[in-house]
Each structure stands twice: as C-alpha cells, then as structure tokens.
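Annotated features in TrEMBL:
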| type | residues | note |
| --- | --- | --- |
| REPEAT | 99-130 | repeat 'WD' |
| REPEAT | 230-271 | repeat 'WD' |
| REPEAT | 275-308 | repeat 'WD' |
| REPEAT | 366-398 | repeat 'WD' |
| REPEAT | 533-574 | repeat 'WD' |
| REPEAT | 576-609 | repeat 'WD' |
| REPEAT | 620-655 | repeat 'WD' |
Amino acid sequence: MSKKNNKISDQLVQKAPTSIPALFLPTKILQNSLFANHTHTHTHTQMASLIETYACAPSTERGRGILISGDPKTNSILYCNARSVFIRYLDRPLHVAVYGDHSYPVTVARYSPNGEWIASADVSGIIRIWGTHNDFVLKNEFKVLSGRIDDLQWSPDGLRIVACGDGKGKSFVRAFMWDSGSTVGDFDGHSKRVLSCHFKPTRPFRIASCGEDFLVNFYEGPPFKFKLSHREHANFVNCIRFSPDGSKLISVSSDKKGIIYDAKTGETMGQLSSEDGHTGSIYAVSWSGDGKHVLTVSADKTAKIWEIFEDGTGKVSKTLECSGSGGVEDMLVGCLWQNDHLITVSLSGTINLYSARDPDKQPLCLSGHMKNVNTLTLIESNEKIILSSSFDGSILRWTPGTGHSGKLQRKDSSQIKCLVATKEEIMTSGYDNKVWRISLDQDKAGDAEHIDVGSQPKDLSQAINSPDLAFVSLDSGVVLLKDMQILSNINLGFSVTASVIAPDGSEAIVGGHDGKLHIYSVSGDSLTEEATLEKHRGPISVIRYSPDFSMFASADLNREAVVWDRTSKEVKLNNMLFHTARINCLAWSPNSTMVATGSLDTCVIIYEVGKPASSRITVKNAHPGGVYGLVFIDDCNVASSGEDACIRVWKIVQQ
C-alpha cells in the first residue's frame, strides 16, 4: 500500500469513475473529511463530503494511567486509540483529525514546543515524528526501545526527545536528537519498566523518570548521565512532571502519595497532604500554567486540584466528583490542565471538560466507543437521535449537529451484535442465545426483558408498523416473536445468514449461505415460501426493505449488492459490484431513492436506484479497517461507523 500519510482532509469525495480496488489507491486521512486522489474529470452532479465526525474514546487499560497531552495555542488535545492518533479541538468537538500510519497500537503522542510537529510512539518501540500541516508529512521514524513506549517528551528547545517504557532487558529510557536519532546520554538506574519521563522546561536541562521499580531518577546533561535516585514511594510511580517555571517536580504513585522535589538539585521538598487526599492509586498529574496548582486523578474515581506552596507541600483546594454510575468504568486514569480546561479521562474513555475558573460548573462530557461500532440506527422522536452500539455492549446516543448526547445505561451490559430501535424501545441480540427488549424513557434505558431463542441469533428485525412482532434468524432456521414470546421456531432446512421482516409483518425474506433469497408470507405463526431468488454468488450478509415497501436490497460476502422490485421480484438495479471485499451493511434513504453499502474494503458506496450503478458516489477509506454500520439521517445525509470506533456523517451535495 502507498506509504503516503493518512490524513482526512477537507476535500470532497467525488464519484468514482472506475472500479479500481480501493485498497490499492493512495489514501489520505485528516480534519473533518475523507478523501480520494482524483485522477479523472467526470461531470457527475453529486458527491459526498464529510460534515461531522463523532470520535472514538481514548484506549484505556485497567490499573494503568494514560498520558494525554495537548497544544495550548490551538486548544487541541492528543490521545490514542488502536493504531491511530486523534487530535480533538476542545472548542470544536466535531472537528477531529486522525493520523493512522502506525503499524502497531499507539501509546502516547506529544506536540513539539512550537506546535509544528507531533511525535507518537507505539507498543513496538517505534517513534514517528510528523508534521501537523501538509497531510501529516513524515519527518522521521526511529526504533527507540526494544519494547512498548509508555511516555515521551520533547526538550524545551524542540531538538531532543526522551522516551521511556519497557526495554525488555535493555535500556528503559533513551534520549535522542529529533532529526538524526543519535543518542544523547546514558540512562542507567532503572531495573523495571519506566512509566513516565519529563524534560525540565528551563536551563540547566534535567530529565526525570519513574517506574515500576518504585524509583524516581534524575539525570543531568546533555549529554545526560545519572545524578541521583529516590525511593520514597512504596508502589509503582505512575507519572512525573516538572512545573512550567522549572522550579519543582512532582511524582505520583499507586501508593496514593504525591512527592515534590527541587527541580534543580533533585532533593525532596515535601508531599501532597494526606488530609482529604486520594484513597486509591494516583495515575496522572498535570500542572496549571502558573505552576501554583496541580490536577491529579485516581482510581478512587475523583480528581483533585491541589495548591502547591513554595516549601514544596500541597493541600487539596477542590475535589471534582465523577458524575458516572459509580462503577469500575468511572475510575479516572488520565488528566491534563490546559488553558482554562481541566480535562479528566475515565476508564470507560469518557473525557470530562471542567472549567478551571469555575470547577463547580457541570463538566462537558465527550464520550465515544473504544471498539468497532457494528450497528447504527435512527430514532425519530422530537429530534433525530442516532443510536450506535459496539460489541462490548455500550450503546451511545448522538444528536446530528451537536454530537454526543449521552450513554444508554443498561442494567445488563451484555455484548451486542444486532440492534433495532423504535421510539419506545430497543431490541438487541448478542453472542449468547438471548434476545433483549429494553424500554426507552427519554435518554435512559428502562425495564429490560429477555427470551432465550435456543441458539445464537444471526440477525434480528422488527415489523416497524407492529413492533411487538420480531423476526430472529438462527443457524438453520428462524424464530417469530410476539411480545417477547416465541410464536414459532421453524427449521428451514438450510443454513441461514441474514433475514428481515416486512414493516407490516406480512412477509419475510431469509438469505442463505448458498446465496439464495427465500421469500415467505407470514400468517399467524407460520411461514409459507412464495419465491426463491437466485443471483448472489456468495452468502447473504444483509437484507433491507425500502421505506416505501416497494423494493428490497440484498448484499453478500462476495462484494455484490442487488436492488429488487418487491412485487415482480425482478432485479431493479444490478451490477453493484464496486466493492473489493465483503459487504457488511446496507441502508436506504427515507425517500427510497438511494441505497448505501458499507464494506470491509473501508468504502461507503451510495447508489441511486433510478440511475445505472456506474454513476455511484464512492467514499474511499471512510473507516480504516472496514465499515460496519450505515443509516440515513435524511435524504441528504448518511452516517457510517466502523472498525476505527468512529462515526462519520456524509452530506450528499449537488455539484
């Protein structure tokens, strides 16, 4: 694949002129749009542009802190999820930039002091240095450690970088020149994984490091060499930070203590007071811009603002309580004090933005998925709401135009494979034998009931006009549910892969592993086969009726989609063969004139039913790793979700 850097630029995605496999095209990913290299001049009248991105949450790990960073000038923050680095602009939450060129999961990323470059590190010990402009152009790539990198920092002059982590028997800390990669110093003194490091922001330069050997080490230089070591902590030392004026240094640990040192000499000055202190491991610490306060976060689910005195002691001036459900997922694992923002990150990946001037004010919560978003559905009540779910069991609500509007708190947080929704309720099925029905009360999940259907559901659909009727497909048959009671469990005698029930419950279509579509009339608790349609050359992956009930569309694992006339059973639109891998999802526009398909090949393709398939709109690289969810918000906007745990909204515009 082309080594061009991934950047989602604010370009428009035009109609594809040919069926060049998307996987072999140069890709670009940044800002708020997805991209394509245009080597053609077509005069088509429509294209799709990216208008909103609902970003994923930062990757977190139980029992470990995460180190987020930012750029005060642009008021943006950096965090990592899987193999991508995300740039979030705090005053524009829907404006998201994504860098996805690492080959391994990314652990930490930091802006250079001038804000022009970003250094990002991954679990393989590689650091990539890339520009914040010009398509994230790559400046350098260095193999720095032999194992995972946990933290990295730029020197104040932007010429050196120090990184630390798991050396796998070799060096745990290394400093190098940012342009040549040549080592500047020798970092002895640690015997286990080093979790955090920092450059003193003023001359004379110092580097401090801390880690799983309970040590805090000082190095002076350049070239850097070991100066002294402290062992005041009784557990892992998770984070270490110099104050902005270079006078003090603070370390925080899983022993619930914070210790302050003289930044120049390295001698211990004092501690954070145990009065009103943290009752759990402290995972991260961040200084205020004036160096008079620090923000800490802990496994005790609180964040605390401390006043730091000249003598190196500190006392709590404010405790920020977490507003979650009180479960493990509310443990706080990361923090950042940037401009007027106090930023905390919980184990569930929720980012809370407090105001430093008014910390009592309710924080703004930015949440997102951490894993592949495999279903999208739309609820139309007073306003349009997008519901998204990922297999880890989280269901999030999004309001087009504003973004995240809450997490659906379910009493049962089982994994989710299929999700369908109406105004009053949602139905889900997962990887066990159960189908759940959960009532919706505003943005809260109400009573939940479930039924065991005997084996793992493959597909789930509701009759929209009579939602008490549901249709579940299993490995070798289907189950009809009415009011969460089994009406009938029918063995169809073939391997079932997808199914759908008509809006009025009078008809059902079942797709098989053999690529055939079986159409049944539904009467009471019985199915009568009316027709079998053969055109697909692979197992059926998805079937959907058009909103006006005059057509249906089907797609298969052999990358083909077909639109059928429901009455005559004739093919209405064929040659929909422009994906290069299996089709995972399919959606109709509300006016039944357009069909969108999403595929493992990372693309979304939008077809107009009245036009030949060759006049399609293609969004290349919509979701690195594959597209798994699609839903039309209205006739002009379609939302997609995928392996990258993000949701993107595309506007179909006339050109």
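Note: Cβ is positioned from N, Cα and C throughout, glycine not excepted.
Keep in mind that TrEMBL annotations are predicted by a computer and have not been checked by a curator.
Assigned with DSSP, the residues of the repeat 'WD' (230-271) fall into helix, strand and coil as follows: 0 helix, 22 strand, 20 coil.
Long-range contacts of the repeat 'WD' (366-398) within the same chain: residues 54-57, 59-60, 81, 88, 93, 348-353, 404-408, 410, 413-423, 426, 428, 430-431, 440, 443, 445, 625, 628-634, 639-643, 645-647, each at least 6 residues beyond the stretch ends and with a Cβ under 8 Å from a Cβ of the stretch. Mapped onto DSSP classes, the repeat 'WD' (620-655) shows 0 helix, 20 strand, 16 coil. Summarised by DSSP class, the composition of the repeat 'WD' (533-574) is 0 helix, 23 strand, 19 coil. Beyond the repeat 'WD' (230-271), the same-chain residues lying 6 or more positions past its ends with a Cβ under 8 Å from any Cβ of the stretch are 64-65, 67, 195-202, 204, 206, 208-212, 214-218, 277-287, 289-291, 294, 296, 298, 306, 308-309, 311-314. In this model, the repeat 'WD' (533-574) carries an average pLDDT of 95.
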